[in-house]
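Here is the structure we will look at, set down as structure tokens.
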2 protein chains.
Amino acid sequence: METYTGIPEELRLAVLERIKPTAPEREKLLEIQEELASEVKAAAEKLGISGVLVKMVGSAARDTWLSGTHDIDVFISFPEETPRKDLETLGMAIAREVAKLAEHAEDRHAEHPYLNIIYKGFDVDLVPCFRVASASRIKSAVDRTPFHNDFIKPRIKGCEDEVLLLKQFMRGGGVYGSELRTQGFSGYLTELLVIHYGSFENTVNAACFWKQGEKIDIMQHTEIEHVEPLVVVDPTDPRRNVAAALSLDKFCMFIDHCRELLKSPELSFFFPAALLPLQDREILKRLESRKSAQFAIVFKTPDVVEDVLYPQLYKMEQAVAALLSEYNFSVIKTGVWSGKNETVIMLELISGTLPNVKKHIGPPVWVKVHAEKFKEKYKGADDVFGGYVENGKYVFEIRRKYPMAKGLLEDRIMSCSLGKQVHQSVNEGFELIENTGICRLKDPDFRVFLRKWM
Amino acid sequence: METYTGIPEELRLAVLERIKPTAPEREKLLEIQEELASEVKAAAEKLGISGVLVKMVGSAARDTWLSGTHDIDVFISFPEETPRKDLETLGMAIAREVAKLAEHAEDRHAEHPYLNIIYKGFDVDLVPCFRVASASRIKSAVDRTPFHNDFIKPRIKGCEDEVLLLKQFMRGGGVYGSELRTQGFSGYLTELLVIHYGSFENTVNAACFWKQGEKIDIMQHTEIEHVEPLVVVDPTDPRRNVAAALSLDKFCMFIDHCRELLKSPELSFFFPAALLPLQDREILKRLESRKSAQFAIVFKTPDVVEDVLYPQLYKMEQAVAALLSEYNFSVIKTGVWSGKNETVIMLELISGTLPNVKKHIGPPVWVKVHAEKFKEKYKGADDVFGGYVENGKYVFEIRRKYPMAKGLLEDRIMSCSLGKQVHQSVNEGFELIENTGICRLKDPDFRVFLRKWM
């Protein structure tokens, strides 16, 4: 329909100017990486731990990091035959030794424990891992990372700018980041796309035509079927889909973002204008214009990491929508926002009230036993308006238990299947806000969320 | 579950006492039948028409008529070889000659024209028909009737009371009458049931266990499959289902009525208490209690016979419900009432209003051409609230064209598929009444309808 223009060189340059690390920035990072490597070695020596190697991995090690990010991944690698328990205790001992020099340190946990520190302003992960002979022999998910590094580094040489452009473009489209909150594209995935398609522009061109189930297998080394929307076979492990964390919607949003870029290549696709918090009067105006029913379930944000919190919030979002549907409320959409203090599940309904009368359809009259039981139960019972036969079935007009969504939520929210920490927090107390009451929530970030919401 | 008691003799007697024609009543009927037979013969003679025979058919001729009814069916039968045109002109000429003695006469039309007259207070149909050799050779539907008479008369002898009981019981359940308005059981069908099952009580006992597609073939002379809920093969014509006009709901209502009678055999199943018209204050109270949205579409009753009118009204009822559903209004139920002057289509909805915002779901993003066209159409268009991707599909929040059921009906009712006369009448003008406005409709018969409705 449209004539696709290419991506103008000026645009590429304008983007790169903003996102490509400057020479001093890179020197600084290298310096810090080297310092960390020596510190790890010194710590191992001091603790009398032998056989330890240090490996810098991640985008910092591959020159595919965006200016302004300060993430360094330091892998502390142990011989393959090291017992799992030793890896954890000795690895963490070394990490803690290094952490003595850090501004801040925090224990984290993936498959194994690792240490996250702030070191001279850099966000550093110190991750113990096994030094296995090949990616197919990994003992823990993190053991894969050094192999990723080995695969990417030689192949991305000369294409680093392409990766930077793609990452920034994905950021602009809200699809960058493979954490459970975003469910988007990981850095490694971005690099693989550039290696596969050759450039940022080629990736964008190709993605416009992606279909659900799109498969990319650079090494052509698997026939395994995956169910995810995008399948990018890990070149270092044929069984693994690098895009497994990518949700269907983020996959589609990326396709959409690519098509839009090609229609009118503009800087805003990389750097969207920041949205302003929605003002009270705008909220009121939009509520009046939409005339739907808005509900906000507000509770204290549980004190857990995002990768634990967000799956629970998404689960709650689904469960609450299912509860409302079960009681005949029509859900238009649901949303999640979580801030430092408060978390909000947003619900937009066709209406927050339903009539008292509810049509309850029973079995066909000729299914004798069931039909008679059904009739027995409702005929002449309290709170039954009437009964009749329709399409061969008994129908009773009964009194709806929850004619108000508010009452239903107040009564039954705790019966929803909620994750552990969210359940705990909601159980301690929650607030149900309707329509104009939403103006009570002042957090500017929530108000930005609201601008997209309504 | 329950212990079924039989039907007490006292109950049978009490019912029969009210419905069985008295001796003077029967004598009077016989006398009128004989008079009519002579008048038809005299008329034929006077007009010089030969080969004409008179046949009394229907319940009057078979002693299965309910006290108080004054229906007589006189068939004027012509030789099989009579040309169709002659049958009509000569048959009607004879009928008109007889009608000279009547209080009132009216031309009616089934497959052929016939004459309905009021003669000495009796409602008499004078029907020309062909005298064919067997029911399989009939030229017109009415030709079958004399065969029905021949089949029933000898077999019903001694069981007339059973037929009377069954007919009255069906009346009490609102399922008696095979006209297009009622879609219930015909008199002939009732007689066949009694012949098949042997008695009223046996019929009731059996019907409690009827299933959809129940088949009764007294002569065991067909393998033809029918789709109707009840199949009673015509003993005089294996291709015909005598219960073809019976609707699924009337079939079920009869089953239900039978089960209830056996649970507590009472006179009220034969003679239900007359319902009182619903008073204004009762209407208001019930509306308040149900809290649903009630709509009445009121228009002038078209001046056509019920068999033409009701199918059109039922069609309109369906069409209007479909229109509302198409525009996302949730219909609880629909109903039809028609009086001498006004006709009402009643609609009960979950709500008469919907939000302005409407969720419009498009194609999956990866179906490129369709998805792009869809987005092109809605993105940034007037009256679009916003757009997003959900479950892999584009979704736009558009402005609902009809947020009020009233506006939708006012605008689009004429685009519904309506029958000819109803279309004409609605086109001349209709009124849309909402909720408490219904009190405007004062017809006592409508108010009785309302009592069952709400």
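Start at 1 and count along the chain as shown; that gives each residue its number.
In case you wondered, yes, glycine gets a Cβ from its N, Cα and C as well.
Among the candidates A:ASP63, A:ASP86, A:ASP107, A:ASP125, the residue that TrEMBL annotates alongside A:ASP71, A:ASP73 as binding Mg(2+) is A:ASP125. For the pair A:SER59 (CTP binding site) and A:ASP73 (Mg(2+) binding site), the Cα-Cα distance reads 8 Å. Annotated pair A:HIS148 (CTP binding site) and A:ASP73 (Mg(2+) binding site), C-alpha to C-alpha distance, rounded: 13 Å. Using CA atoms as reference points, the binding-site residues A:ARG62, A:LYS167, A:TYR176 were checked against A:ASP71 (Mg(2+) binding site), and the closest is A:ARG62. DSSP assigns A:HIS148 (CTP binding site) to a helix.
Mean model confidence for the domain 'CCA-adding enzyme C-terminal' (A:292-434) is a pLDDT of 96. In the structure as shown, the Cβ atom of A:SER59 (CTP binding site) sits within 10 Å of 22 other Cβ atoms. Between A:ARG62 (CTP binding site) and A:ASP73 (Mg(2+) binding site), the C-alpha separation comes to 11 Å. Across the structure, A:ASP73 (Mg(2+) binding site) and A:LYS167 (CTP binding site) place their CA atoms 18 angstrom apart. Within 8 A of the CB centroid of the Mg(2+) site residues A:ASP71, A:ASP73, A:ASP125, the other residues of that chain are A:VAL57, A:GLY58, A:ALA60, A:ILE72, A:VAL74, A:ASP123, A:VAL124, A:VAL127. Taking the Cα atom of each, A:ASP125 (Mg(2+) binding site) and A:TYR176 (CTP binding site) are about 20 angstrom apart. With a cut-off of 8 Å between CB atoms and residues at least 6 apart in sequence, the same chain places A:LYS167, A:MET170, A:THR182, A:GLY184, A:PHE185, A:THR190 near A:TYR176 (CTP binding site), listed in sequence order.
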